[in-house]
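Shown next, in structure tokens, is the structure this report addresses.
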Amino acid sequence: MTALVACIEELTALAAPAADDLLVGLYNAASGKFDPSTYVNYLGQVIGPNPGATSSFVTNAGMEMGNFAACKDMNYYAYDYDNFNSAGLTPTFCTTFSIGAVCVPSACNLETGQFSFDELKAQVVTLLKQFDGSSSAAARAEFEACQGADLYPGVGICASLNSKFQYFTTLWSYLSFFGTLQGETSTECYPNDGADYDGNIIATLSVMCGILLLVLISTIWSALSRAPADYFSASAETPAADNLLSAPLLDVGSQKSGSNNIDGDDDDDDEPPRLLSKPPKFIQFFDAYANTASLFSFARRPGPFACFDCLRAISALWVVLGHTLFWQSFYGLQPYRIQTGPDSMDSTFLGQVLFTQSFTMAVDTFFFLSAFLAAYFLLKECAKKPFSFFKTWISKFINRALRIWPAFAAALFGSWFLMPLLAANIPGMDADINSATCSDYGWLHALLFTNNILPWDNRGAGNCFGHTWYLACDMQLYLLLPPVIMFYMKTRELDLERESYALRLAFFSCIVAAIIGSCVFTTIMAWDSETGWSSFMNDGVLGANYSRDFYALPWTRFPAYYLGVCCAIMWFEKEAGSPDFKLTFHKRNFLLSFGILLILVPIYGGYWGNKQVTCYLYDSSGEDCGSEVSDAARAFKAALNRPAFIVGVAIVSLVCFNKQGGLVQGFMEAKVWLPMSLVSYAFYLLHPALLTLKLASQPSQSYTSYCLFILEYVGVVLLAFLSAVVINVCVETPFGKLQRKYMWK
């Protein structure tokens with residue numbers, strides 16, 4: 001008997017616990033899809049609690065996630081365990097992933113088995129198809145009849161069938177998403193004895209405490225330096241209670257440069273005597289009160305780009321919206337209501353805007369915003385003064401990295417080393433959330449902005465701090481930006497000398513040609529029906545190829561980024577050549593309508609394809625599953641969906657820059673977007689860890705509904721926003737001021 005055969009036999013036995021199905025509830029809990037409290041009373045009456053059981057599954061039922069409790073207590077309840085299952089099934093081990101656990105027989109441990117991961121995954125798909133109705137029309141009818149059936153008290157045909165289906169669905173989801181299977185040989189997934197304070201945790205805590213101490217010193221010192229010299233004297237007039245908040249001690253608004261003075265240059269020789277002299281500049285930068293006041297001052301930053309605050313804020317909220325739904329597919333009782341398919345929330349008309357692949361286009365908006373602002377301000381800088389090619393190139397890249405690193409490092413090492421302290425007693429979560437991917441220099445790949453391509457075999461969003469693939473891709477695309485802009489400015493100088501536009505148009509056309517070339521490349525790669533790409537996530541292996549070979553790589557994200565560059569060049573030339581140019585009423589309305597149409601078409605373009613039955617990872621789209629669209633339609637959607645969306649965003653933005661956006665501009669320039677816009681970077685960095693903490697902390701799993709989803713989403717947004725404010729005030733803003741003040745420009 002080979003090792004793989006032994007693993008499959010034990011998996012099959014694990015999904016079929018007994019002929020009378022008395023333990024179906026317990027094995028449903030092992031799948032992580034049912035709350036053990038639903039079954040604990042019934043099971044206790046039938047088989048009685050094991051006197052040797054010590055965990056909370058007996059004493060405090062329902063207070064732990066189902067998968068966690070089952071991994072610990074399966075052997076306690078099934079005290080004649082060997083009779084129910086094949087020989088050697090115990091001990092089980094729980095695979096340890098960042099978003100939960102699933103019980104797997106120890107024979108399936110890849111570290112000791114003589115079989116490959118792909119072989120195991122293929123066998124799991126085969127087992128899954130035995131219980132989801134794929135094997136025959138009769139099996140499909142039986143399966144559909146059992147969906148939604150009342151499973152309590154956990155006996156009967158439907159309970160048995162759904163138990164097996166849920167178990168293998170969960171196992172397949174983990175295998176497909178994480179691309180690995182690792183675990184510790186134990187009947188307990190995660191220990192409850194707390195995390196060990198190793199050197200990494202102590203070092204991280206020490207650095208963070210040092211920063212907080214500096215913030216505290218700066219805040220107190222700066223406040224005392226604003227107070228008059230006689231503030232604490234007996235003769236000093238005590239402020240009235242209702243004027244306490246405007247007392248001189250807290251009055252940062254009286255500074256000469258106001259709330260927009262982000263660098264703290266507020267020297268004034270005519271100021272009256274103060275209680276303390278002002279702290280050094282580098283200490284002033286950490287003043288939490290001044291930084292918080294600036295964050296919530298709602299003071300509009302100068303320039304025509306006020307609408308970008310709305311785009312940045314909505315994009316950040318949109319990303320978290322989609323991720324909240326995605327995370328719930330691992331922690332909820334009804335993953336089929338979340339994952340793409342005919343019965344899912346994704347397949348609804350509203351779901352096309354909120355979920356599916358639409359929310360991922362928010363990242364394309366980030367690329368556009370980043371490229372536009374970087375290109376525009378570099379154009380303005382190069383136009384004002386002579387520039388050295390290599391000096392400008394190197395300094396711009398270094399300064400950009402220095403702006404990103406402080407908050408990035410705080411979020412990365414905080415999630416890696418401090419998460420065990422927070423997650424030690426959370427049953428549905430691995431305390432070592434980032435250890436598997438961040439060790440062995442995975443953290444260095446993240447900090448050097450290469451975690452989207454290194455290691456190449458695991459490229460994409462599955463590496464250390466995986467969601468920061470966006471930062472890696474952005475920095476890789478930015479690496480080419482200074483040379484592009486400086487070459488453009490050289491062609492512009494030559495054109496101005498000759499009073500011509502020829503060289504500028506030629507250079508601009510080269511950028512557009514590169515964008516078209518990237519789209520053509522995606523079209524060619526996506527076309528093949530067996531090995532191509534599909535942006536429909538129900539297209540099985542084609543969807544997996546899209547996630548691995550398209551989603552996080554710079555050459556496929558080139559169009560969104562360099563459309564932002566093209567837009568910046570156009571606006572720069574408009575300001576230089578025709579600053580007072582205005583569109584006619586009809587042209588303005590046409591462009592706004594066309595831009596909004598281009599935004600909506602990519603969102604709803606895949607509506608019918610998303611309603612189809614999902615293919616498994618080893619299947620391609622065909623007659624029985626998948627989007628069922630033609631190869632050409634699938635390829636063009638993969639290649640053009642995101643560029644079309646960004647063209648729409650660009651058109652609307654340019655009209656708003658020209659102060660002709662009407663109601664759209666009024667909505668986009670509302671000051672309510674400012675705080676979220678300013679903390680959007682930290683908000684993006686922190687939200688996955690906070691999502692995991694919140695959902696994994698639930699005492700039991702819940703059914704999927706719009707009401708519960710909204711409550712989860714609002715809670716995560718508030719938690720992430722408050723955490724982002726702390727990172728912004730204590731890390732991002734102070735270090736940003738230091739970088740602007742002292743670094744080589």
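Quick reminder: no glycine exception, Cβ is built from N, Cα and C everywhere.
It should be emphasised that the depicted structure is a prediction, and the values quoted were computed from it without experimental measurement.
Copied over from TrEMBL, here are the features:
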type	residues	note
DOMAIN	306-728	domain 'Acyltransferase 3'
TRANSMEM	201-224	transmembrane segment
TRANSMEM	310-333	transmembrane segment
TRANSMEM	353-379	transmembrane segment
TRANSMEM	400-419	transmembrane segment
TRANSMEM	469-489	transmembrane segment
TRANSMEM	501-527	transmembrane segment
TRANSMEM	560-577	transmembrane segment
TRANSMEM	589-608	transmembrane segment
TRANSMEM	639-657	transmembrane segment
TRANSMEM	678-697	transmembrane segment
TRANSMEM	703-731	transmembrane segment
Hey, would you say the transmembrane segment (469-489) packs against the transmembrane segment (560-577), going by three or more CB pairs under 8 A that are 6+ residues apart? yes
Short question: most Cβ pairs under 8 Å with the transmembrane segment (560-577), which of 353-379, 400-419, 501-527, 589-608, 678-697? 353-379
State, in range form, which of 400-419, 501-527, 589-608, 703-731 has the highest count of Cβ pairs under 8 Å to the transmembrane segment (353-379). 589-608
Is the transmembrane segment (400-419) packed against any residues at least 6 beyond its ends, judged by a Cβ distance under 8 Å, and which are they? 200-201, 203-205, 207-208, 374, 431-435, 438, 443, 446-447, 449, 464-465, 468, 471, 475, 478, 681-682, 685-686, 689, 693, 727-728, 731-732, 735-736, 739, 743
